[in-house]
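Take a look at the structure set out below.
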Amino acid sequence: MDTVAVIGAGMVGSTTAQRIAERELADVILVDIVEGMPQGKALDLRQAAPILGYDVDVVGTNDYADIEEASLVIITAGVPRKPGMSREELVSVNSGIVRDVCEKIAEHAPDALVMVVTNPLDVMVYAANQYLGFGRHRVFGMGGELDAARFAYFVAERVGCSYSDVSAMVVGGHGAKMVPLPRYTTVRGIPLSRLLDSKDIEELVRRTIEGGAEIVSLLKTGSAYYAPSAAITHMAEAIIMDRGSVVCSSVMLDGEYGVKGSCTGVPVVLGACGIEEIIELELEDEELSKVQEAAAEVVRLSASV
Ligand code: APR
């Protein structure tokens, strides 16, 4: 059985631990700085096992030495945004947390793959790549897969089809610089433009870009965690089962999409070795320049840290 370490046992981290355990994907180590909290949540999750019938270990700890068995480390540690706040406003506080976490990963799990979830996502993926130096195939972000799920949900709701009939594609930043791609979004292979008019499609794109903020403003405290943990678990499964799944992930680009030395969301092949391939879509000029703008903003925001 693989071991996955989830750093940050808050809403996203603990829901991720629950999903991984319930799918029996891996043993889970839940790490947090708050004493007792990860231990309590892990105990609670273990006590659900006799009812739900899963047979994995879930351990809570405040000690990073306990992550040494982990082949995948998922970073959810950080502060979530408040209503009216952009993800970018979290840069300085969360980059300090991610730096601290990366130092511990480098010390205790130097061979692990690292999935970054902390926002602002692309800036944190960039920072984690700098701090860890593991190589870009081993350090990547979960953002686009969540955005694609949101886009797919909105499309299915509008078209009136099953959610699982929609295949959606979202590239660019995990935030205002997000680039949902209707041209690459289909309902069982049927192009979206055959099913909805352009005004409807534009509205769904707008709602997708605002998808996280809509939830933040409804919740009043904290941000989304059910769909984020579902997207994380989907990516963790691709790695643990070596599926070679095509997912949207934030990665360090090295010339792809005309971007070098910055991180943004693109489709990739994800398997046991991490990012196995970066897929270069044929984009129209406007789409490509939005992706490049998203990547340029990551470098700008990172310089302010
Ligand atoms: N090491 C470990 N855990 C930490 C550290 C650290 N250095 N610093 C903070 N944490 C923990 C907090 O104690 C808290 O339990 O991270 C957890 C964050 O949990 P929540 O506040 O519930 O936030 P959550 O909703 O889980 O979001 C976490 O994911 O989606 C992103 O924007 C979101 O950046 C945020 C992150």
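Each Cβ is built from the backbone N, Cα and C atoms, and glycine gets one as well.
Annotation for HIS174 (active site, proton acceptor): same-chain Cβ neighbours under 8 Å, separated by at least 6 residues, are ARG87, ASN119, PRO120, LEU121, ASP122, GLY141, GLY143, GLY144, LEU146, ASP147, SER250, GLY265. In the three-state DSSP scheme, HIS174 (active site, proton acceptor) falls into the coil class. What TrEMBL records for HIS174 is active site, proton acceptor.
Summarising the annotation, TrEMBL assigns NAD(+) binding site to GLY8, ALA9, GLY10, MET11, VAL12, GLY13, ASP32, ASN94, VAL117, THR118, ASN119. Packing around GLY10 (NAD(+) binding site) is summarised by its Cβ count: 19 other Cβ atoms lie within 10 angstroms of its Cβ, all protein chains included. In the three-state DSSP scheme, GLY10 (NAD(+) binding site) falls into the coil class.
Feature annotation from TrEMBL assigns substrate binding site to ARG81, ARG87, ASN119, ARG150.
Positions annotated as domain 'Lactate/malate dehydrogenase N-terminal' by TrEMBL: 4-141.
Residues or ranges marked as domain 'Lactate/malate dehydrogenase C-terminal' by TrEMBL: 145-297.
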Neighbourhood of ARG81 (substrate binding site) by C-beta distance under 8 A, where only residues 6 or more apart in the same chain count: ARG87, GLU89, LEU90, ASN119, VAL216, SER223
Rounded inter-Cα distance in Å - VAL12 (NAD(+) binding site), ARG150 (substrate binding site): 16
Candidates GLY8, GLY10, VAL117 (binding-site residues) - the one closest to ARG150 (substrate binding site) by CA: VAL117
Per DSSP, three-state class assigned to ARG150 (substrate binding site): helix
Entries of ASP32, ARG150, HIS174 (recorded positions) sitting next to ligand 1, with Cβ under 6 Å as the cut-off: ASP32
Local Cβ density at ARG87 (substrate binding site) - other Cβ atoms counted within 10 Å: 25
